[in-house]
Amino acid sequence: MEGSDFLLAGVLFLFAAVAAVPLASRLGIGAVLGYLLAGIAIGPWGLGFISDVDEILHFSELGVVFLMFIIGLELNPSKLWQLRRSIFGVGAAQVLLSAALLAGLLMLTDFAWQAAVVGGIGLAMSSTAMALQLMREKGMNRSESGQLGFSVLLFQDLAVIPALALVPLLAGSADEHFDWMKIGMKVLAFVGMLIGGRYLLRPVFRFIAASGVREVFTAATLLLVLGSALFMDALGLSMALGTFIAGVLLAESEYRHELETAIDPFKGLLLGLFFISVGMSLNLGVLYTHLLWVVISVVVLVAVKILVLYLLARLYGVRSSERMQFAGVLSQGGEFAFVLFSTASSQRLFQGDQMALLLVTVTLSMMTTPLLMKLVDKWLSRQFNGPEEEDEKPWVNDDKPQVIVVGFGRFGQVIGRLLMANKMRITVLERDISAVNLMRKYGYKVYYGDATQVDLLRSAGAEAAVSIVITCNEPEDTMKLVEICQQHFPHLHILARARGRVEAHELLQAGVTQFSRETFSSALELGRKTLVTLGMHPHQAQRAQLHFRRLDMRMLRELIPMHADTVQISRAREARRELEEIFQREMQQERRQLDGWDEFE
């Protein structure tokens with residue numbers, strides 16, 4: 001592609017995303033399926049705006065690369081070591097069992113056994129990009145099924161290396177003996193990357209951060225991600241695996257959150273580009289001429305993978321309520337199939353339309369996953385949101401709650417217990433099915449579902465409720481829910497959890513004044529106790545705590561329109577001096593009886 005062609009392609013991608021994704025969300029089919037449909041529309045088999053699909057698909061793999069880097073940042077080496085059994089146990093079993101079954105089925109058609117083996121391995125892989133995106137949307141990241149799903153995906157990335165090495169052996173074009181020197185050099189280069197990353201990355205980022213220029217830090221982050229990807233690609237390894245390792249090496253560094261913030265916008269755009277490219281690659285000509293074969297293949301592929309994954313989840317001890325989520329989210333073919341099948345085709349393993357048929361099957365299977373997960377959600381909703389059994393004694397018998405609590409993690413549970421202890425009628429919405437299952441056993445009235453869906457809020461009693469308490473883990477979900485409540489249920493008093501000052505600013509800008517920063521109050525209370533241990537009278541320490549709370553809240557409101565770091569730092573220094581003056585003035589003016597609060601503790 002020439003420069004002008006790339007620019008035109010970029011404009012078309014952005015237009016397709018802007019037009020298709022909001023429409024898909026409104027129709028309730030999800031953003032991922034919206035991207036795929038947009039790709040079909042602008043691709044060579046749709047309106048034909050873009051024809052060079054392979055080049056764009058290769059470039060768009062960077063979305064997966066950025067995603068794996070961010071995931072690596074969330075997993076330190078010790079956490080990764082804890083997952084070793086699920087990675088090499090469940091992950092290996094899934095790949096081997098799925099590949100064997102699918103290869104056997106392909107051999108029943110006109111596939112040669114060598115082509116069937118390659119086809120089985122390629123179809124056994126799942127889409128890292130789609131699975132992780134859906135797991136995040138469904139709140140599976142911290143659940144048992146989500147952790148197990150990530151382990152399976154990680155093993156699949158590791159399996160890329162031997163799978164690609166197997167192709168020339170099956171084609172009979174491999175050398176009689178391996179070039180051990182070349183293999184040894186690649187191993188040494190990989191080990192060198194690990195050692196260099198372990199001891200050099202943090203000092204380098206410390207040096208860059210000292211410059212104080214945010215753009216340079218972002219550029220260094222992009223250089224690290226793209227450099228790791230290119231280095232691994234040069235070694236013949238998975239680019240996504242390379243950036244994942246780079247992320248893990250920085251997971252315990254002080255720059256982890258800053259790195260994630262710098263990368264996140266690029267990750268989202270490139271992931272969207274990847275899904276659009278996959279949609280563009282769908283060969284509708286092959287679909288039309290082999291419609292029955294393709295439909296049967298997609299159904300069989302998804303069914304086989306669900307069966308294998310469900311059985312493995314059961315053997316691993318995953319809760320029954322989470323097994324279908326785990327199996328469904330990994331049931332599609334993956335992006336690695338495009339690479340593996342292209343390599344096999346260059347070695348003349350496939351005949352006729354075999355490669356095209358397999359790629360169409362993979363693409364359509366990816367399109368089934370968002371729809372399948374919606375069906376799983378509906379099934380879980382019916383199972384866990386139905387009438388309670390006769391022997392259950394729920395806290396709430398009234399269908400018209402006074403309060404709706406969104407999210408029932410540690411933060412939400414404290415609020416819920418306080419409200420129920422005071423005989424308030426509440427309904428809890430939670431999208432982590434394992435939490436729903438556990439809480440209902442203890443008699444809590446907890447419903448499964450995504451609270452950002454207006455219909456679910458309405459059925460939960462939002463039209464009759466007085467207040468809604470939002471305790472979501474993700475700030476984006478909180479702000480989306482605030483907007484929905486203000487638009488559809490303006491009578492509700494909105495109370496929200498803020499993870500920090502940034503989220504608090506966003507809530508204030510949205511008109512939400514009743515919020516709590518999750519660590520602020522507990523930190524203030526511990527600070528008050530510290531003042532008492534240092535000899536300050538309990539009453540005076542309590543007054544100091546109240547003064548600090550009022551001043552900090554005032555600062556929070558004043559700094560909303562300010563975005564420059566220098567302005568915020570200057571105002572923070574001014575506030576600290578003001579706080580010191582308040583305490584000093586109070587010490588001089590107040591005369592207290594120091595035995596008045598002796599029993600405060």
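The count begins at 1 with the first shown residue.
Using the three backbone atoms N, Cα and C, a Cβ is placed for every residue, glycine included.
Going by Swiss-Prot, these are the annotated features:
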type	residues	note
DOMAIN	400-519	domain 'RCK N-terminal'
TRANSMEM	4-24	transmembrane segment
TRANSMEM	29-49	transmembrane segment
TRANSMEM	55-75	transmembrane segment
TRANSMEM	87-107	transmembrane segment
TRANSMEM	115-135	transmembrane segment
TRANSMEM	177-197	transmembrane segment
TRANSMEM	207-227	transmembrane segment
TRANSMEM	230-250	transmembrane segment
TRANSMEM	268-288	transmembrane segment
TRANSMEM	291-311	transmembrane segment
TRANSMEM	324-344	transmembrane segment
TRANSMEM	356-376	transmembrane segment
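Within the chain, the transmembrane segment (324-344) has long-range Cβ neighbours (under 8 A, six or more residues past its boundaries) at 57, 61, 64, 94, 115, 118-119, 121-123, 125-131, 134-135, 138, 140, 143, 145, 148-149, 152-153, 156, 160, 163-164, 167, 170-171, 274, 278, 281, 301-302, 305-307, 309-310, 313, 318, 350, 355, 358-359, 361-363, 365-366, 368-369, 372-373, 376, 379-380, 433. A Cβ distance under 8 Å defines the sequence-distant neighbours of the transmembrane segment (87-107), meaning residues of its chain 6+ beyond its ends; these are 113, 115-117, 119-121, 123-125, 148, 151-156, 158-159, 300-301, 304-305, 308-309, 312-313, 316, 330. Listed by sequence, the residues of this chain that lie at least six past the ends of the transmembrane segment (29-49) yet keep a Cβ under 8 A from its Cβ atoms are 12-13, 16-17, 19-23, 130, 133-134, 137, 272, 275-285, 363, 366-367, 369-371, 373-374.
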